[in-house]
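A short worksheet on the structure shown next.
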């Protein structure tokens, strides 16, 4: 007789998505599609804008990687959700294989973890720029940026593989229905038929590595930045230095706030339907806000975007003139 874990491995799971709201599905599909296209457009525009800059400062290289992560982050979750909303045949849920669910969760955690580490690297970049401006060019070199970017990706990948292996070794019994629109950690732990706190230790360890460690580095960097700003006598210089950190702080608060609220809590407090609604926000709305935050507050990005849009507008006008009789 097959064990519950083996039965789950052979059958997979059912993603409920929003199948219990059939009348809302068309409107939700259009809303998510609009937000998804805007997110893809905003992050792609930043990537193209940064690529068009001849000499790229390190901060722009970090921002380019952040946009690439957000682009992949949404592609891991949203296209599948849109396909499930558009499919009329699934009453109780959309089937997903055991390996497919594991792969989706692993990529989701890997990208989120890489972003946690990247935000810490960007805080270090701001620390060197403000506290040691004369040494900035010698310290934050393109080679260092490339090594930090690689370390962020490898760190997120290593932690995600360990967490995925630990979660999918748990026994899943009873219902195979995940009250979610993707294979999120909380939905899977809620479905696991275990009551021991030891089963939550992998998630706790992941939170310590992905949230606590980068948070300490970010707080240390901004503590030194705050001390340096207090020593500045020029109010204009103080405002200019503080403004360079505003967009990074806003993105950091959004990312860490959502992740902490969702994952740093015991299994007893999980509420599948509430968690699904919150996940809808942080997988769709926050990736849309990041390009807006950086494009509004970063002068270099704003200027690069204007150059790209101006170039595209000139080409479009040229095509119109060629097509005119």
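Glycine too: its Cβ is placed from the backbone N, Cα and C atoms.
Heads up, TrEMBL stuff is auto-annotated, nobody curated it.
In TrEMBL this protein carries:
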TRANSMEM  28-53  transmembrane segment
DOMAIN    42-294  domain 'G-protein coupled receptors family 1 profile'
TRANSMEM  59-78  transmembrane segment
TRANSMEM  98-124  transmembrane segment
TRANSMEM  144-170  transmembrane segment
TRANSMEM  203-229  transmembrane segment
TRANSMEM  241-264  transmembrane segment
TRANSMEM  276-296  transmembrane segment
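Within the chain, the transmembrane segment (28-53) has long-range Cβ neighbours (under 8 A, six or more residues past its boundaries) at 18, 21, 60-61, 63-64, 67-68, 70-71, 74, 78-79, 81-82, 85-86, 284-285, 287-288, 290-292, 294-295, 300-301, 304-305, 307-308, 311. Packing against the transmembrane segment (241-264) from elsewhere in the chain are residues 66, 112, 115-116, 119, 122-123, 126, 129-130, 185-186, 203, 206-207, 210-211, 215, 218, 222, 225, 228-229, 232, 275, 278-279, 281-282, 286, 289-290, 293-294, 296-298: each is 6 or more residues past its ends and has a CB under 8 Å from a CB in it. Note on the transmembrane segment (98-124): residues 8-13, 59, 62-63, 65-66, 69-70, 72-73, 76-77, 80, 148-149, 151-153, 155-157, 159-161, 163-164, 167-168, 182-185, 188, 206, 209-211, 213-214, 217-218, 221-222, 248, 251-252, 255-256, 259 of its chain, located 6 or more positions outside it, place their CB under 8 angstroms from a CB of the stretch.
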